[in-house]
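Listed in TrEMBL:
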DOMAIN    142-185  domain 'Solute-binding protein family 5'
TRANSMEM  39-63  transmembrane segment
């Protein structure tokens, strides 16, 4: 004789086997009934993971310092509202912190090989390209390069880099860095 399992969930007070119409529905309802105790523990684990991620991300930004003035040709942009792209701004007050947290894993901090969502998002917020593209219009705009020129035959692009840009360790950003990154991509 087959045994019947009756689990009474807290929400309905009815046996799951009696309320379910199919095995799949029964399994789903049984999982819902068990989620009462596991749901709290899972929530605590997620909260701890979010706090650890927040602290690590904040520590990373605390290391990226070294500017004592804003370069004259600095490009400062505000995150655009939906549909507006980006807005160019005047240089703001120096100092302060930018802290953010997200609940998604990263597999690398190298923007060249960042293919998963978490890595692409994080490296995209930390690293700038020579030029950017406005998401809604497809128009290119200057970032690390203040301007560029394309040869008449379309085979060469000359980038004019912004002055005064430095890496987080204080070393200046140069054309050699661009060549290194290009060779790393190719």
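Note: Cβ is positioned from N, Cα and C throughout, glycine not excepted.
Caution: TrEMBL annotation is automatic and unverified by curators.
Per-residue pLDDT, averaged across the domain 'Solute-binding protein family 5' (142-185), gives 88. Assigned with DSSP, the residues of the domain 'Solute-binding protein family 5' (142-185) fall into helix, strand and coil as follows: 11 helix, 14 strand, 19 coil.
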